[in-house]
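Novice: A single structure is presented below for examination.
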Amino acid sequence: MITPYAWMVPLLVVLPLVGAGLALAAAGRTWVQRVVSMTVLGSMLVLAGVLLWAADQEGAQVVYVGGWMPWEGIVLVVDRLAALMVIVSTTVTMGVLGYSIGQGRSSFDDESDGHSPLPVFHPSILVLAAGVTTTFISGDLFHIYVGFEMLLAASFVLLTLGGTAERVRAGTTYVLVSLLSSLIFLIAISLVYSATGTINLALLAQRIGDLPGGTVAVLQLMLLIGFAVKAAVFPMSGWLPDSYPTAPAPITAVFAGLLTKVGIYAIIRVQTLLFPTSRFEDLLLWAALLTMVVGILGAVVQDDIKRMLSFTLVSHIGYMLFGIAVGSTIGLAAAIFYVVHHILIQTTLFLVTGLIERVGGSSDTGRLGDLARISPVVGILFFIPAMNLGGIPPFTGFLGKVGLLQAGVDDGSWLALTVVVGSVVTSLLTLYAVARVWGRAFWSENPEGVTGSGPVRGGHHEALGLGVLVPTSALVAVTVGLSVLAGPLYDVTTRAAVDLMMRQPYLDAVLGAGVSL
Amino acid sequence: MSPNITTIVVASVLVATGTYLFLSRSLVRALMGFLLLGNGANLLYIVASGPAGAPPLVGKTEGPMADPVPQALVLTAIVITLGMTAFVLALAHRARQLSGVDLVTDDTESARIHARAEADDTGSPSARAVSDQIAAEGERTESRYHDGDTGRPARGEDGENR
């Protein structure tokens, strides 16, 4: 079955890869790299927008790569969930790239030739975008693995950019943990193939029900563990706050927005499509509760803003897991909504932290102070997303949590109600954590006479230019705009959740209408 | 289909030894572990492909065909493992350039916060001292990278960079 907009689907991966090649070829010419990267990401955004409309109006768009049918080849599937994720991920990548372009010559600590930022930065970001998109649009388990490896390889390069001692230390932990999770996933795929003879998600949805219960449990657990490490679900979350804060602000921002959510996306896809009658609902609920509570308890003691944000990142993964674990349409819709909210909000906050570093010379609250007077603009840009993260109405953070709490109360089991209580407490503690940063960095007395032109790394003051303010403000505006447009967005995520719960639309799209489960 | 037991045993041994090595603090040993684990995983694909058969070519119809899909998958996995190995080797080399050893060190900021929390809880002066010492150590490292020669390798510090 050929769908009318299917020709756009492969472009979502081909464009960034071609762009990465061009950017690498133009390594010495910074402006060529910038034009290529922004053009590629802009086109991806348009394509993804059209695809979301097409998926919403006319059903999932499917491509059989190379003309091979699902029985032996790879299929690409863009349904509502995939299109939505591609749009959001491309938006934040563009914002981050705009920020790093705006940073201009002083991008990153190590300008090797004193002129251009590292030439591998743009190609790596584009490969990362290609890997993330591959994961979102793939309808094949092994192809998802390949997407993971693409984004991982790019993220390894970005995290260790410049190769300072601190980044090599952080990079080592990150690289080894990521490789291990990929191996677990790889082994899981081979077991899935041995058991069913296919790795196509739609075919698996048909066949996995015929397997004995014990086999299904093993396959589900292996896949869940592999994805949970990527998504930083407690107790597999220790690597994240250890490695993220060392990278430059734009890189941490794109990691925080995208990489863990790719794991969450994979969990959503596999749980709903392959294991609809989950036997691990309780386990997931416990994991969600512990992720929230342990993560936020880590966040409240941190002095460094980047580290605090990394811990809240882990903590809020628990909310998404909660929605998945409840397994109702309303829970799933809220979880998808929360993923969209969280990608945007974490990226924005890390970029604002980059601004704070530029103004105050540090992201350590012990050395910052009085920023509200020194730079009110940064204050506003931090305050809005921080309140959003803390779940203050009328922002998206509040709306997403309301949906999740509703789903938990509807579920009604004592464990789900415990998680409801836990998520309210986590929300309050998040507010405490960001308020603590606000109080210490923005309202407190200046600790060591730090002024707006204080000593900055390398001894030169990095002023706030429009180049960094505009992309950051744009992302803040998107988060606020999303709060205004939360109604239509919730409608789309609800329709996506209904499709995921029914499973039949996905199978119809991939295998042809009328196949039975 | 009954799977080949020898292949499974070999794969298990590879995975077990790989896991042991992977837990090491030395980056090169961990890399060896990754390679063994990866090969163990790759062998599982050979198990998944079932019994050997005729090459799956158009026009060749005699006898049962081998399943080509796991072989395509395992080839991809091998190539990816190769790329990742190259990166980890580079990382290990960089770690050795910087510190002379390729051991993974602890996160100092995390250690400092632990020590500070202990000092706050117990009021013990020794914990406070440890916390301050870690902070001072961190500042020294930071200034080494941010003053003058920004972010570039601390050349000549160990006479290792050429």
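Along the chain as shown, the residues are counted starting at 1.
A Cβ is built for glycine as well, from the same backbone N, Cα and C atoms used for every other residue.
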Novice: Which stretch, out of A:343-359, A:394-410, A:479-495, is listed as transmembrane segment by TrEMBL?
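Specialist: My reading of TrEMBL: the transmembrane segment range is A:343-359.
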Novice: Does the transmembrane segment (A:144-162) reach the transmembrane segment (A:247-268), going by 3 or more CB pairs under 8 Å (6 or more apart in sequence)?
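Specialist: Yes, since the transmembrane segment (A:144-162) and the transmembrane segment (A:247-268) share at least 3 Cβ pairs closer than 8 Å, they count as touching.
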Novice: Mind pulling out the one from A:35-54, A:74-99, A:247-268, A:343-359 with the most Cβ pairs under 8 angstroms to the transmembrane segment (A:120-138)?
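Specialist: The stretch with the most close Cβ contacts to the transmembrane segment (A:120-138) is A:74-99.
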Novice: So if I exclude everything within five residues of the ends of the transmembrane segment (A:74-99), which remaining residues of that chain have a CB under 8 angstroms from its CBs? That is, six or more out.
Specialist: 9-10, 12, 37-38, 41-42, 44-45, 48-49, 51-52, 54-56, 59-66, 68, 122, 125, 128-129, 132-133, 136-140, 143, 200-202, 249-250, 253-254, 257-258, 261, 265, 268-269, 336, 339-340, 343-344, 347-348, 351, 354, 468, 470-472, 474-475, 478, 492-493, 495-496, 499-500, 505-506, 509-510
Novice: So, does the transmembrane segment (A:313-337) come close enough to the transmembrane segment (A:247-268) to give 3+ Cβ pairs below 8 Å, pairs being at least 6 apart in sequence?
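Specialist: Counting Cβ pairs under 8 Å, at least 3, so yes.
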Novice: Let me spell it out: take the transmembrane segment (A:6-28), skip the flanking residues so only those 6+ beyond its ends count, and list any with a Cβ under 8 Å from a Cβ in it.
Specialist: 36-37, 39-41, 43-44, 47-48, 50-51, 61-63, 65, 76, 78, 86, 116, 119-120, 122-124, 126-127, 129-130, 133-134, 137
